Each structure stands twice: as structure tokens, then as C-alpha cells.
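Written out below as C-alpha cells is the structure these notes cover.
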């Protein structure tokens, strides 16, 4: 979307051309002859509306938007109008899922002794004992299942109500449920049902976040360089994971309840900041998008008066005579209708398997590092939690790189396939050689995060936004939250399945877990091959 403030670009200097500002009344062209309006003789019957033009213009109530003669190369919002509260919010929301992953090693029973650790080797009932990992996996399933189901409804609701209030409500409620989970430490709660119920409710509230934030960002940026912009913006997920991991690990030694209490309080505070400062759309500030149909003006085209130029003018006038529906009054796209949009289903199922891999690392990587010797030495809970942030750091660079490459290539599916294919040998190397030395472990962990999070970031942001604004639905931005919810909601089902399977499979050995991850990556690639072929054929 383009917002221009140069008064020289107003159409007052060209009264005979029939161009009006975006969003203004088309009555300025009402003096066209019937032959022109009905597509008659293109040259002989043309009667430009010159009479009393300036008086008619003066009577119009102009909106803040300005028409333009040539579309600029970049279509973005003014830097001073972009919502900083929104980026603050999305940086902190991912802190919440990190708390359970960091605390797993404290809740579950010890698998291997740790040198220099004061741990007694016992976990927190009911997560200790031989079935401890199973119950931890069931907690992940409860949270992510409610998260994925809730996302479908959240996207549907988000297209129809005030996104700012809806998003703030989800943040505050998510913080309260996270605090409630941590209070189980001080209340001495050992009932599995309590923790299960809290995770289910927390997943529903946290599902409000992603469809809303993608819709907000989609309102502020055009299609140009969307992959790079979305890749940079989506780094908030990894940044939030890092902040959550470091915060939860820093206070874990004082009791695992603090790892939930602190992030929960933080997200509540930011929720109120978002409510006070978030600007959902440029329209909220009085700015209107430029007209979708433009006429490029040049001195030669006006002087020569060729048939081609006159045809372009007539097409412009005909479009102005056609009533335009107000986007705000248009009904949002239906759930089943969004599923039938081209590309939505393949990308949704590709994200199912891609997110399965990403969330298995998110929820189990600290536990894996804690219970796997690195250079012959086991790390403490705190060190394992902090070290796991290397995966998220790699994810930051992977998401940005995937967005940049997809913009240069103009092919989202091809870029995703490249990253998915390269992640397979990287996962193998990390499992086989990650325990050789600390440096090798960090390097391979970084590369794993780079290639695993690249396609995951690209599909959930730039791809979802492109699919929701494609020509088939005439760029209706009200479909953004619905399409995003479908794609990421389907991916979240895989995200729920991965940690659950890991909880059961890990008791048989971590080699089986990595086989599952490699298989899921291969299946994600299969869903994108057909789209990638189509992208290559268009080049």
C-alpha cells in the first residue's frame, strides 16, 4: 500500500483526464457521453469531463489519500506510522511456550547423574518415575491440540472484530494461565489433572495471537519484498524463544514455579501496552490505500493522443463509473471457501510436518541436551536451557535468509524445498557428531535451527499473506486471519503430535526420535514438490 503526501500529484492539473483520488466519489466522470460509458467508438465519441471541473473538484470532500501518476517500486507504510507496540508484543508472546520446555528437566526424573549438581535426582510428582516423559508429552499434546483447534476459531473471529482488543485479551488471559501453572509449585499441587486443564485453557488463549498479528502486519505492507519483510518480522518467534529460555533458566534454580510466574507477568504487562498503543491498520490513522487501477501519464501520451492511450483512459473512466464496494462492509471469507483457495491445502499440510520438527526441538531440545553427554560431560539444567537458544539464533538467520531468497527467486515453494532438503543431512550430523565437542554441538545446532525454521517461518508469514491476498479473492485483506489460521492451525496439529510422540519414543532411544524428524521433513517436501514445479515452469 502506498501513501503519498505530495500535493503536486493531485489531479487538479489534469482536469480532462478523469483521474480521481482513491476512495473519492466517481461523480466527477458522470458527464461522460453514453458512447464512452458503453464502450462505443473510442476516438470519435470521447467527451472528457472538462466543464466546470474545478468547481466540481472544490465541492468534493477529499480524503487523506493522494492519487499518483506512477506507482513507486516499493509499497510500504510510512516508517513513523508502523506499530512499535506490535513488534514488542510478538517478541514476548513466544516466551510462554518456552517455560514448559525449560522446566521439563526439573519436573521429570533424572536420566543421568550430573557432576557438581545439587539435584537429588527426583522430579516433581506426577512427572517423576518411569512414565514421567510420557506425561510430559501428554501435557504438550494438551496445550498444542487446544492451540491448533482454537486457532481455527480465533482466525474466524479475528476477521470480524477489533483485532487490537482481541489480541490484548488473548495476551492477558495467556499470562494469567501461565502464572496459574507456576503457582502449582507453591500450592504443592501434584495432580496431573490440574496441570492438564491449565495447559488446555492456556492453549486456547495463546491461539488468539498468531492469526491476529499476521493480519496486522499484512495490513501495513504490500507484496513487494514481502518475504524479506516477513522474515525479519518473524524473527520475533526465535527472539521470544531466546528471551523465554534465558529468563526461565535464570530463575529455575530458585524453583520451577518462577519459570512460569515471571514470563506470565511480563506478557500481561505487554498486553495492556498493546491495548493502548497498537495501530491495527493505516486506515485507523485516516490513510487510505491507493486505487488498484492506475493510468501511467506521460507528456507524449497526452500530446500524441494515440488509440492505445485513449483506450487506457476509457478503461480508467469505466472503472470509476463502476460502484466499488467498501472493504469494511464486505463479508469476510468463509472457512471452507478459504480451504479451497489454490495453494492453501498443500502449504497447510507441508507446515504440518515442518512444524512437527520445529516444535519437537522447541519442547524437547533442553531435555535432550540435559540428558546427552557433550564431550563426555552432562550439563546442568540451567546450562542446557541457555545452550538450547543456539537453535533459535539459527532460526532467526534462517527465517530472514529464506525470505530474502524467496524474494530474489520469486518462488516460495522452491526456497522451502531447498531448506527442507538441506535440513535432513544437518539433523543426521547433529545426532551423530553433536556429542563429540561443545563447538561442534553449537555449530550443528545452529545449522539445524537455520534450515528447520527457514521454511516454517516462510510458510506461516509471507506464504500465508500471499495466499490470503491473491487475485481470486480480489486482495480482500479480511481473509488474512482466516487463511493464516488454517495454515498455522494445521501446522499446530503437527506441532502437537511431534512432542507427544517424542515423549513416548525417547524412552526407546533418541535415534528413533531423529528418524521421526527426518521422515517428517521428507513428507513436508513431498507436499511442496508440485507447487515448486509450477513455480519453475513459470520462469
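Cβ coordinates come from backbone N, Cα and C, glycine included.
Nobody curates TrEMBL annotations by hand; they come from automatic prediction.
Straight from TrEMBL, the features:
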type	residues	note
COMPBIAS	27-40	compositional bias 'Low complexity'
DOMAIN	75-536	domain 'Major facilitator superfamily (MFS) profile'
REGION	27-80	region 'Disordered'
TRANSMEM	166-187	transmembrane segment
TRANSMEM	193-221	transmembrane segment
TRANSMEM	258-280	transmembrane segment
TRANSMEM	344-365	transmembrane segment
TRANSMEM	385-406	transmembrane segment
TRANSMEM	413-433	transmembrane segment
TRANSMEM	439-459	transmembrane segment
TRANSMEM	479-501	transmembrane segment
TRANSMEM	513-532	transmembrane segment
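Within the chain carrying the transmembrane segment (344-365), a Cβ under 8 angstroms from the stretch's Cβ atoms is held by residues 97-98, 100-101, 104, 140, 144, 241, 338, 388, 391, 395, 416, 420, 423, 448-449, 452-453, 455-456, 459-460, 463-464, 467, 483, 486-488, 490-499, 502, 506, 513, 516-517, 520-521, 523-525, 527-528, 530-531, all 6 or more beyond its ends.
Predicted-model confidence for the domain 'Major facilitator superfamily (MFS) profile' (75-536) is 79, expressed as mean pLDDT. Non-local neighbours of the transmembrane segment (166-187) in the same chain are 89, 93, 96, 99, 124, 154, 157-158, 194-195, 198-199, 201-202, 205-209, 212-213, 216, 255-261, 263-268, 270-272, 274-275, 278; each lies 6+ residues outside the stretch with a CB under 8 Å from one of its CB atoms.
Tertiary neighbourhood of the transmembrane segment (513-532): same-chain residues 343, 346-347, 349-354, 356-357, 360, 364, 411, 413-414, 416-417, 420-421, 423-424, 427-428, 431, 452, 455, 494, 498, 501-502, 505-506, selected by CB-CB distance under 8 Å and a gap of 6+ residues from either end. Here the transmembrane segment (385-406) sits apart from the transmembrane segment (193-221); fewer than 3 CB pairs are under 8 Å, leaving out pairs fewer than 6 apart in sequence.
Proximity of distant same-chain residues to the transmembrane segment (439-459), defined by a Cβ-Cβ separation under 8 Å and at least 6 residues beyond the stretch ends, is recorded for 227, 230-231, 234-235, 237-238, 347, 350-351, 354-355, 357-358, 361, 374, 387-388, 390-395, 397-399, 401-403, 406, 412, 415-417, 419-420, 422-423, 426-427, 429-430, 433, 487, 491, 521, 524.
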